[in-house]
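Novice: Shown below is the structure under consideration.
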Amino acid sequence: MSKQPQPISPMKNFFAGGFGGVCLVFAGHPLDTIKVRLQTQPKPKPGESLLYAGTIDCFKKTLAKEGVKGLYKGMAAPIIGVTPMFAVCFFGFGLGKKLQQKTPDDILTYPQLFAAGMLSGVFTTAIMAPGERIKCLLQIQAATGKVQYAGPMDCVKQLYRESGIRGIYKGTALTLMRDVPASGMYFMSYEWLKNILTPAGKNPNELSVPSVLFAGGMAGIFNWAVAIPPDVLKSRFQTAPEGKYPNGFRDVLRELIREEGVGSLYKGFTAVMLRAFPANAACFLGFELAMKFLNWLAPDL
């Protein structure tokens, strides 16, 4: 079980999580761009080959066509969105842990850590769903060449004009299906790996940088192993024209499996896994460093 000498402070988690989020975007955005381009590339006409053969090919073509800037396309939205989102995510996890403790030095079981992680997933979806929808729409318009939205704010305005708040929150149920179990997995596996990597008699909070990077990176991989199938459905659903899937994700699932088989639920798997490790390693390292700084700055908060 995890040792927690420092009482849990959801507020500190909030700020440290925000910093972790910034680290995550810088480390992971290039592969996120590639993931979305691979997941949404059009089906080739008979006799034509796919636009991108795979992760490496998409990387090369994007670099050749748009340079390094192409890989960081649409990064402003995630930085603005991700910082509060990770802040809220880590806050939710801190709160989830605190609510389950009877005394401040209670050590939580893994199922309790999983439950605290799931709570953080509910918290983030409220912020996440609109941000994801806007991000997907902006990323595919760059790839398809049809410029419909000038930028994130313009996209929000147009969606709101077309279909009100529902247009902005399209895909929320799918975002919940993706983030609630995946967040539980994310935080639980991180705490579990931290405990495994801690030498006997030592405190998990004093882990070396390589150990934190490894635990964070692997937590990212566990998180996405749970999250990819609903993520593929969500990308499809959120970028589809109005009314294409009247019954929501059930229609998307049926069409995908009918047309492309069950394997298509793991589309973009390589890009996601390649990104998950460094991005989440960077995130948890940023989080742990910020936590150390905040505990030094305000030990009693």
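Using N, Cα and C of the backbone, Cβ positions are placed for all residues, glycine too.
What TrEMBL records for this protein is below:
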REPEAT    8-99  repeat 'Solcar'
TRANSMEM  75-95  transmembrane segment
TRANSMEM  107-129  transmembrane segment
REPEAT    108-196  repeat 'Solcar'
REPEAT    207-293  repeat 'Solcar'
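Help me picture these features in the structure, burial and contacts included.
Specialist: Taken residue by residue, the repeat 'Solcar' (8-99) breaks down under DSSP into 72 helix, 0 strand, 20 coil.
Sequence-distant contacts of the transmembrane segment (75-95), counting only residues of its own chain at least 6 positions beyond either end whose CB sits under 8 Å from a CB of the stretch, comprise 8-18, 20-22, 24-25, 29, 32, 116-117, 119-124, 127-128, 131, 134-135, 138, 152, 183, 187, 283, 287.
Across the repeat 'Solcar' (108-196), DSSP helix (H, G, I), strand (E, B) and coil residues number 77 helix, 0 strand, 12 coil.
Counting residue by residue with DSSP, the repeat 'Solcar' (207-293) contains 73 helix, 0 strand, 14 coil.
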Novice: At a C-beta cut-off of under 8 Å, are there same-chain residues at least 6 beyond the transmembrane segment (107-129) that contact it? List them, or none.
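Specialist: Same-chain residues near the transmembrane segment (107-129) but 6 or more away: 1-4, 81, 84-85, 88-93, 95-97, 99-101, 169, 171-172, 175-176, 179-188, 191-192.
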